[in-house]
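A.B. asks: Grabbed the feature section from TrEMBL, which reads as follows:
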TRANSMEM  B:12-34  transmembrane segment
TRANSMEM  B:46-69  transmembrane segment
TRANSMEM  B:76-95  transmembrane segment
TRANSMEM  B:107-130  transmembrane segment
TRANSMEM  B:137-159  transmembrane segment
TRANSMEM  B:179-197  transmembrane segment
TRANSMEM  B:218-245  transmembrane segment
TRANSMEM  B:283-304  transmembrane segment
């Protein structure tokens, strides 16, 4: 009995506590939103689903970011890669007359290759992940400008049909003024995003690869002594993240249906912040993709606040996210130092 | 052969070589590169332009070198801090208005405000890195993204113009002097920094903290304080650079001041032969690196590469330099060299 009690106490350590804070914070913010913006319909089911619709790409990218961050690395190139993805999609379909399917495949492969190169540099040449992905960030943004300096809008019918295909949910509807029942809807991108989330979650939790990612991030030296191939694991993590960034960029593009140089600027911040807010440790070894989902949802809620409020400028989103990130990394740091003291 | 080795192992060999290559390319593509003409007592020419334009970068590189040396990380917020400093300066001078033809507040107040803001930003980064022990790049990433947002808030999302002649002096020519002002400021910053580092033990402390912060602490150095100070100093440098950039265009453009400067500054440090892993540093190397990069940028502009596209080439150069510096690469090189040597030895044996 006493043993069990101790165990359950041990389970709620700093990291789980951080995740708990995040989940509570999200619900608290949402409830505040519902109360404050009651008249504008903040509490509608559709509004909640919009959080997923507008952030489908970010959910996928944050999942990839979480994987990389668990290995102890980081990827700050994602924002630029998203811009590159959108630009490539737009350019291939509009200027080269490619079909939507081959364009999508090429973009995904591009993400994979990008992840491979960065992963190789990090894992095999042991360069600092930050420097590598910082260069990657400028490289991808520059490539976007090389492809086209002007904005390209996507008019490909197939692509637009993907983007506009509404899936109505059979519940949560309301009756509008004309007496017609209106059901809330989602786009296919949301389903893809959630599917990816579940797959990555299962992979991290139940496969050998997933466990070795945690092992490498927890303590590289130990993992090496245990006989894990640290380099290969890291490389694979970056490849996976690269692929997910490509996919996330594709989903992002379904929302914007255009490609331009300044697109998705500061996106890397959103992804990193989502992961950190969701309880992923910057030092590696700890993290959970569902935590990152809540991180994304918090970011979405802040954006929704600003939209509903109407008078605040959009920079507030960035500043708030940065402040939140700052708050959470300081919390992490405090927990870490408390833990270190305990050990002594 | 021995002599060649001695020359190549000289600390400033790599940066000087790079500078020489870039200048050579320039001479070939633009024969008038080194021509300097005098108009109204002011010197004009490509080379003057390069040195002039490189001023902000030199100042940033000085701060960045110390940060890299002490904390083995880089400050990626410098570009954004420049924008914030410029925005705050214009805000103070314009008294919150959008465009003014006369100062609302004394010039010195705006100047000091910009520097103070830079230092505050630097202190914020330093606090996160030194005190909270957060990886430098994550800590500075916060200001990297939020900084421009803050600058936008200060300028209310618009470009603040200050159409006063004395405001332009910092970014243009002071009457009577043959060279643009930024050059003098950059040189002054470098000289003051060198004096501080050489005349006090600070330079030594920074290196020792960078090489082993734990050991330095045990020896009695305040590692935390030293790292904090380097970040604060880097913020100050960003503030000065921001002032120059703002003065050049006599307006605060929150979106474009210092854009992509962080990469240039890191590149300057790496190109200067400094390891991004911290420890020993050469300030002169970084300064030469900064001039090299500006020369490179000017060359690329001359080859009609647009400003948006330039980062592609710089990113590749960064990766190549960092890869060449990495110990893993040295291992691979040794392996290949070892193979080559053993093959040579074997073939010699066969001959015998």
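Residue numbering: from 1, along the chain as shown.
Every residue gets a Cβ built from N, Cα and C, even glycine.
Heads up, TrEMBL stuff is auto-annotated, nobody curated it.
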A.B. asks: Contact between the transmembrane segment (B:107-130) and the transmembrane segment (B:283-304) is defined here as three or more C-beta pairs under 8 Å separated by at least 6 residues; is that satisfied?
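C.D. replies: These two segments do not touch.
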A.B. asks: Of the listed stretches (B:46-69, B:76-95, B:137-159), which one yields the highest count of Cβ-Cβ distances below 8 Å with the transmembrane segment (B:179-197)?
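C.D. replies: Out of the listed stretches, B:46-69 contacts the transmembrane segment (B:179-197) most.
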A.B. asks: Which stretch from B:12-34, B:76-95, B:137-159 shares the most C-beta pairs under 8 Å with the transmembrane segment (B:218-245)?
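C.D. replies: It is B:76-95, which has the most Cβ pairs under 8 Å.
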A.B. asks: Could you tell me what the rest of the chain brings near the transmembrane segment (B:76-95), counting residues at least six beyond its ends with Cβ under 8 Å?
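C.D. replies: Counting only partners 6 or more residues beyond its ends, the transmembrane segment (B:76-95) has Cβ contacts under 8 Å with 56, 60, 63-64, 103-105, 107, 109-111, 113-115, 117-118, 121-122, 125, 137, 140-148, 150-152, 154-155, 160-162, 164, 167, 234-235, 237-239, 241-243, 245-246, 251-255, 257-262, 265-266.
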A.B. asks: Can you name the far-off residues of the same chain, 6+ from the ends of the transmembrane segment (B:107-130), with a Cβ under 8 Å from a Cβ of it?
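C.D. replies: Sequence-remote neighbours of the transmembrane segment (B:107-130) are 71, 73, 75, 77, 81, 84-86, 88-90, 92-93, 136, 139-140, 142-143, 147, 166-167, 223-225, 227-240, 242-243, 246.
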A.B. asks: What residues elsewhere in the chain lie close to the transmembrane segment (B:12-34), defined as a C-beta under 8 angstroms and at least 6 residues from its ends?
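C.D. replies: Apart from its flanks, the transmembrane segment (B:12-34) reaches 45-47, 271-273, 282, 284-285, 288-289, 291-292, 295-296, 298-299, 302-303.
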